[in-house]
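Colleague: Taken from TrEMBL, the feature NADP(+) binding site applies to Ser142, Lys162, Thr218, Val250, Pro251, Ser280, Arg281, Lys290, Gly319, Leu320, Glu358. Per TrEMBL, domain 'FAD-binding FR-type' is recorded for 81-203.
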Amino acid sequence: MAAVTAAAVSIPSSSSSTAAASCPAHCFLPCTQPRNRAPHHRGLLLRAQVSTTDAVAAPAKKEKISKKQDEGVVTNKYRPKEPYVGKCLLNTKITADDAPGETWHMVFSTEGEIPYREGQSIGVIADGLDKNGKPHKLRLYSIASSALGDFGDSKTVSLCVKRLVYTNDQGEIVKGVCSNFLCDLKPGSDVKITGPVGKEMLMPKDPNATIIMLATGTGIAPFRSFLWKMFFEKHDDYKFNGLAWLFLGVPTSSSLLYKEEFDKMKTKEPENFRVDYAVSREQTNAQGEKMYIQTRMAEYKEELWELLKKDNTYVYMCGLKGMEKGIDDIMVSLAAKDGIDWLEYKKQLKKGEQWNVEVY
């Protein structure tokens, strides 16, 4: 059994929203060298000496035990040919009117038929046909709600979607099919959903872990799901006692996502939650460089490196692909001081499920 704790609603006056159901009191929304071979004659000799009755069975492979909350995880319950059809319950613009681009938070009904976990994704198939007269291909989106959902009843799933609009080389305005379909959804509209999919971004089992979350833009989605479970809900089998440290990078302060929720978490659990923002078009570091997510992390590089040397620290990264290289650049010299090759060390972190990346 689990319950959702209450939290006040904060509605930015610049946001527009449409809703078929009232936003719950706990929500702050406006309403991814070969082995040396033995000589051939030795092989023959060995075979002559071993009879079938004396053969020793090879030891069974030791089953790897995951450090993540993967027990009973469901994947691909719904597929493109037979998607689940949910209803849009709420669709709200969560960036200010002067932000560079629109980002929307939307809630769909599932009636409990899509049993997802925090860190998974769903697919969405836009209505209509493509230029070849075939149904549109699905697009994957990281889930932005905890497994209980924004309404706390395990019957909804939420997404955080940026409307894709750009000008191509011919000077034509191009609109992303699925993102615009989603951002334009009205409450009551049907939406075709596939999945859930993914295990890379599942939360760690250890309730005392240090979880470092690195997000750019809508890459915040899986971390909102983590943080709601950690700080807005009560579970009989899970209580987070570790450190959750979020770094969120956006271009302008008007495009910060879910800030009111994170402020509330910080007030509620100051010893367990830290959040640092990197606003690239408005902030600079001491050297006058633009404040990207890796720039902000560099301010805490020694502390971060010490955390990364612990076996209960987990890093999750979601968003733009370029940010991983920027983080590598920070860590290479720090690790070298301890005689460690960072890139090799990162491989070991990945093998141990402590370095998890979903970028695009």
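Any Cβ shown, glycine's included, is placed from N, Cα and C.
In terms of burial and nearby residues, how do these features look in this structure?
Modeller: Neighbour count (other Cβ atoms within 10 Å of the Cβ, all protein chains): 25 for Gly319 (NADP(+) binding site).
Per-residue confidence over the domain 'FAD-binding FR-type' (81-203) averages 96 (mean pLDDT, predicted model).
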Colleague: Using DSSP, tally how many residues of the domain 'FAD-binding FR-type' (81-203) sit in helix, strand and coil.
Modeller: 7 helix, 51 strand, 65 coil
Colleague: Drop a 10 Å sphere on every Cβ of the binding-site residues Ser142, Thr218 and tell me which sphere holds the fewest other Cβ atoms.
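Modeller: Comparing Cβ neighbours within 10 Å for the binding-site residues Ser142, Thr218, Thr218 has the fewest.
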Colleague: So how many other Cβ atoms are close to Arg281 (NADP(+) binding site), meaning within 10 Å of its Cβ?
Modeller: 13
Colleague: Run through the Cβ atoms and count how many others sit within 10 Å of the one on Pro251 (NADP(+) binding site).
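Modeller: Within a 10 Å radius of the Cβ of Pro251 (NADP(+) binding site) lie 19 other Cβ atoms.
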Colleague: How many other Cβ atoms are found within 10 Å of the Cβ atom of Glu358 (NADP(+) binding site), counting all protein chains shown?
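Modeller: I get 19 for this one.
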